């Protein structure tokens with residue numbers, strides 16, 4: 001029996017790793033490449049299509065996994081609906097900044113934003129959830145702040161794209177932490193809350209002739225429809241991984257996504273990455289190593 005249990009746990013862990021790798025591959029490589037193929041479109045149009053098609057995709061999954069009851073229960077909870085409205089606004093801001101950044105040659109900054117996001121989450125936990133910092137976490141946050149400061153001094157301005165992405169996603173995570181609904185249900189409600197605005201905007205673009213979709217370019221139309229899949233699928237895979245893996249393992253694997261974005265920006269699209277960037281990223285990577293080591297030591301069962 002013990003051997004069967006160990007074998008079952010091993011299969012569960014392997015499946016979790018595969019789900020996590022699929023999610024982080026999508027976020028790190030497939031999603032930015034997808035949006036690069038749509039770079040001829042205005043970011044707002046891409047965002048609107050992303051919201052609409054993600055809503056339809058999420059509704060299909062709600063039906064497939066028979067989660068209508070949980071969806072209705074969450075919709076009729078005033079507190080849940082209010083908080084999900086806030087999180088919907090935050091994720092829409094994050095998506096818009098990300099789409100603009102990817103298609104404006106700022107992939108390196110997007111990777112920076114998602115590298116510093118775990119450390120920003122620590123700060124938000126202290127400020128809003130009264131969590132206590134360990135000395136290693138304090139050191140990690142100070143090192144990361146130094147890295148951002150190095151970039152700011154060298155360029156004469158703050159890395160606003162990175163900070164905006166990190167802050168919008170960090171506050172999104174903070175709000176979602178307060179909403180006790182399944183990930184798929186929460187994502188579906190967020191998308192549905194944003195859909196009327198997205199449809200209204202798309203209606204205006206069709207009325208004034210500026211709409212890019214459904215003008216006879218089937219390839220472009222397919223890419224827009226697939227934004228629903230590329231938005232929802234990695235979130236669902238990530239949730240599946242989180243159910244099967246230790247949080248410490250997820251914490252280590254999460255850095256694959258910004259690493260992929262950084263590699264794409266520098267190696268494929270030729271974005272600038274000089275010695276100052278190397279120093280700044282080195283400080284942030286050191287901070288992440290300290291943070292991760294501290295998390296591994298403090299995690300139960302490690």
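Yeah, the Cβs are placed from backbone N, Cα and C, and that goes for glycine too.
The annotation domain 'EamA' is assigned in TrEMBL to 15-151. Regional average pLDDT for the domain 'EamA' (15-151) in the model is 91.
Per TrEMBL, transmembrane segment is recorded for 16-35 (among others). Using a Cβ-Cβ cut-off under 8 Å and counting only residues 6 or more beyond its ends in the same chain, the transmembrane segment (16-35) has close neighbours at 46, 98-99, 102-103, 107, 110, 223, 226-227, 230, 233-235, 237-238, 240-241, 243-245, 249-250, 253-254, 256-261, 264.
Taken from TrEMBL, the feature transmembrane segment applies to 47-69 (among others).
Residues annotated as transmembrane segment in TrEMBL: 81-100 (among others).
The transmembrane segment annotation in TrEMBL covers 112-129 (among others). A Cβ distance under 8 Å defines the sequence-distant neighbours of the transmembrane segment (112-129), meaning residues of its chain 6+ beyond its ends; these are 137, 140-141, 144, 147-148, 151, 159, 161-167, 169-171, 173-174, 177, 251, 254-255, 257-258, 261, 280-281, 284-285, 287-288, 291.
Summarising the annotation, TrEMBL assigns transmembrane segment to 136-153 (among others).
Within the chain carrying the transmembrane segment (159-175), a Cβ under 8 angstroms from the stretch's Cβ atoms is held by residues 83, 86-87, 90-91, 93-94, 97-98, 101, 106, 109-110, 112-114, 116-117, 120-121, 124, 128-129, 148, 151-152, all 6 or more beyond its ends. TrEMBL lists 159-175 (among others) with the feature transmembrane segment.
Per TrEMBL, transmembrane segment is recorded for 187-206 (among others).
Look at TrEMBL and you will find 218-240 (among others) tagged as transmembrane segment. Residues 15-16, 19-20, 22-24, 26-27, 30-31, 34, 37-38, 41, 46, 49-50, 52-58, 61, 95, 183-184, 187, 212 of the same chain lie 6+ residues outside the transmembrane segment (218-240) yet bring a C-beta within less than 8 angstroms of a C-beta in it.
Summarising the annotation, TrEMBL assigns transmembrane segment to 252-269 (among others).
The list of residues near the transmembrane segment (275-296) in space but at least 6 beyond its ends in sequence, with Cβ under 8 angstroms from a Cβ of it, reads 108, 112, 115-116, 118-119, 122, 134, 136-137, 139-144, 146-148, 150-151, 154, 248, 251-252, 255, 262, 302. Per TrEMBL, transmembrane segment is recorded for 275-296 (among others).
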*Per DSSP, what is the residue count of the domain 'EamA' (15-151) in each of helix, strand and coil?*
118 helix, 0 strand, 19 coil
